[in-house]
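Undergrad: The following block contains the structure, expressed as structure tokens.
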Amino acid sequence: MSTGISTFRVEYAKSDRSKCKSCWSAIEKDTFRFAIMVQSGKFDGKVPNWYHTHCFLEKVKLIDPNTIKGFDELRWDDQDSIRHLIQENSAALSCENDPNETFSVQYAKSNRSTCHGCDASIDKDILRLSRKNYTSKRARRYGPTDEWYHVDCFNQMKNDLGFVGTAESFSGFNDLNKEDQMELKEKFDTSSKSKRKRKGPETNNESIKAKQLKIEDTTPEASNEHEEKRRRKEQSELLWTCKDNLRKEIPNGVLKELLEFNGQKSVFGESNLIEAVTDCMAFGALEPCPECGGCLVFNYTNYRCTGNVTEWTKCSYSTQLPRRKSFEIPDKIKENYDIFQNYKYAQRDRIITQIVQKPKLISKAVEIKEPDYDSELPLSSYSVATVGRLSKRLSTLHKQIEELGGTIATTIDKSVDVIISTQDEVQKGSKKIQDAQKFEIHIVPEQFLNDVLNDRPSIVMDKLKLSTWGILPHIRKQQVREEKNRNRKSSSTFKSFARSRKFTPEMVTMKLKDGAAVDPDSGLEETCHVLKDIENGGIFAAVLGMVDITCAIDTFRRIFFDKTGNQWDDRGSFKKVPNKLYPLEIDYGQHDNSDQIEKSLNDPNSKNPTRLSQPVQDLIRLIFNVGTMEHTLLSFDIDLTKMPLGKLSRSQLNMAYKVLTELQTLINSGATNKTLIIDASNRFYTLIPHDFGLAKPKLLDNNDLIQSKTQMIDNLLDIEIAYSILKGSIDEKNEHPIDAHYKKLNCTIESIDKNVEVFKRIEQYMINTHASSHNQYALSLKELFKVVRAEEDDRFQKWETVKNRQLLWHGSRTTNFAGILSQGLRIAPPEAPTTGYMFGKGVYFADMVSKSANYCFAKRDTPEGLMLLCEVALGQMYECYNAKSLSAETLPTDTQSTKGCGQTIPDPKENYYTDDGVLIPMGHGVNANIKHSSLLYNEYIVYNTDQVKLKYLLRVEFNYKD
């Protein structure tokens, strides 16, 4: 049974205030009103658009009343009348003598349409079938819209779509070519004839119909159906007899007393009270929820719990067969009201109608088909590439591929189906081989071209495969198509939400008229005047005010308690109350002065000139750029209206770390109770407000999400440091703001001339160690700075005698560098989850520059980043070839660091040692001859920050390739 929200609803109008969205006339009280549930533009929920019965059926072409939520709650006679109306409507639609405007067929005009059955795209020029949608938002505004299907998908769903015709019933059938007309006739005419014959004189004979009906009524299925119908009718009559008697005799106060006496959920409103008491009288009082002890209520499709698992999360328990107990009526009430005097509880189960949802076919990716095999042209529709030195000439191979029907690919990308190469070339791991691994392309020997003459290419690929990776081409293409469809839907949802949002200005400009300010919202500034006293020149306009601090404080305390369930004076020991709000420890600081901060950094006319060199000034401006900080927060889907740039408190961020750790424990333990994960997710999103628009918040139920949220908090902590420095420096009156920010970093930063040897050596280090697989950009060194952190030097002294010290790369977001420079590189706190750290919590470094550069998160529109070169005392390294969770305590004895051994390393022949014995691994990337490593490049991890000394800061330009 579906527990989702039905598209349609029906009920008796509770008043005469609602209006039909079609004819805009009032819907009378106690008459039918049908609703189409639509997305609200103001909140993330559905709202009803109400219609008269005839207006609704004109707009919505229904074939099954069970698609309407609430239908089963109507009086039985009214249910029958609606069934009759729907049958008449459906019969009119399926009339075969007239062209069927609801269903049509045509060739796809592009590849942009998506099948509503399997969610896969429909290729251009492919036959597609349509069913008109009369209920979507676009359809209601512009008229019926087409919902397209693949032919096979439509054929599987035709009963649910209400199609009962033949192939010729499709509008546009006569425009198809003969072959496609025959295909449709084979699929639809055969099944139609077997189920239904064309109307003729003999089928209208009433005696024949009666005989057919009599025969059908004797079948077990018909008997069961009639018995089910009889039971539903009895239930409906029982419920409505009870409802009518309660409405006539029993006041609302007595109904509430009955519910409280039996321990039921308190409800409000006459209709809700009557529904609740009727359910109890007919089927028994509901026992408490077995999971949380809360009260159950009926909601058309099941009984759901209204309680809370914790103070953060509602209980998600629901059932169609709840536990019951006898419904007790106090003697005093029983004596006063006739309806209760002869009442005796009888145990029954409520018959609940399933709300029929539109079925969803399994994606066509499950029924993947490769191209038809042709022994003469077995590689038709295949794109084939060659890599490396092969036994035959390249021109000979290309000719052979083309003779087999294939096309030649000159570059390795996702469009390539198969690559012909050798085992030696695969082991070399060239750029093209790495691209093949990235796109999961099979690599096969030349023998492949001979064997495909006798067998399918897919079979030969798996049989001769030289690579350890590879996904068959038709499967890869289907995956790409599905991903494109998902992205298209996500983009469509976002655009729809963006259009629905209405933004109000934060500031209103008042218009001055005759010496008085006029609110522009009044609409009177152009048509009216402000009265002026001629004798004394006084204007008849006044702004009145009254201040009563005591009253304001009392009002504030009352509202705080109403919203949170806690007294204002007890906020220091705040306890979360179910269904109440939780106060966020937001420090707005001088958030509203962001523009002032920005101007102070760029003010050339400051009273106190800066003493810093121009490159260092520019660096400080880059690190403390408020716009970059805000952009970073937005990239994490942070809700800036609830969490302004100012900051969330550090204690609150640490609480969020703990929640993520709790979630990680639940996930890794294989917790089957989803309520616990929902509860922890609720707490996390309360602590760190997110903006999901109208979409549902993502349930934090996998380690990838935990990792991304952990990285988000890492960044928030550094932004908190940066902004606290900004706030602390803005009030400095005796020095330039840039100098004040620089001083708060507690380190010395000096620009290095581009002509000195150290600049050239580091630039060469950067050029040589750019990995071949990171070819989407090239790096150029704009500025080089020497960095000295006094405290760091003192701590590093005891490691200076360690033999294995290397100058290694570390990359991070620009917004993190205020925290890095002021406090050094740090290890994730104990509260943080361990997920996402390949070798445990530590400080990570690389000897290939582009591996670290990726962590700068530069983009084409912001192609700049900051990187560090640090002296790292590695000592004796523990070498690993696969992920392993480690820490300072779990490192093997006599080792001081971990090395993740990669398949590509800087050429040891080009190593350079500084005068104080520090190794700079500045060689070009070469094969490490490691066969079983899961890493492409080396990683170095230390678990003690004393082993790290910042040496150089690089300002780097990312030059993206077209």
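The backbone N, Cα and C atoms fix where each Cβ goes, and this holds for glycine too.
Okay, these came from TrEMBL:
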- 213-228: compositional bias 'Basic and acidic residues' (COMPBIAS)
- 8-90: domain 'PARP-type' (DOMAIN)
- 103-192: domain 'PARP-type' (DOMAIN)
- 374-466: domain 'BRCT' (DOMAIN)
- 609-727: domain 'PARP alpha-helical' (DOMAIN)
- 736-962: domain 'PARP catalytic' (DOMAIN)
- 185-232: region 'Disordered' (REGION)
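So that I understand the layout, could you describe where these features sit and how close they are to other parts?
TA: With DSSP classes pooled into helix, strand and coil, the tally for the domain 'PARP-type' (103-192) is 38 helix, 22 strand, 30 coil.
Secondary structure of the domain 'BRCT' (374-466) per DSSP (helix as H, G, I; strand as E, B; remaining residues coil): 36 helix, 12 strand, 45 coil.
Secondary structure counts, DSSP: the domain 'PARP alpha-helical' (609-727) has 78 helix, 3 strand, 38 coil.
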Undergrad: Run through the domain 'PARP-type' (8-90) and tell me, per DSSP, how many residues are helix, strand and coil.
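TA: Per DSSP, the residues of the domain 'PARP-type' (8-90) fall into 28 helix, 23 strand, 32 coil.
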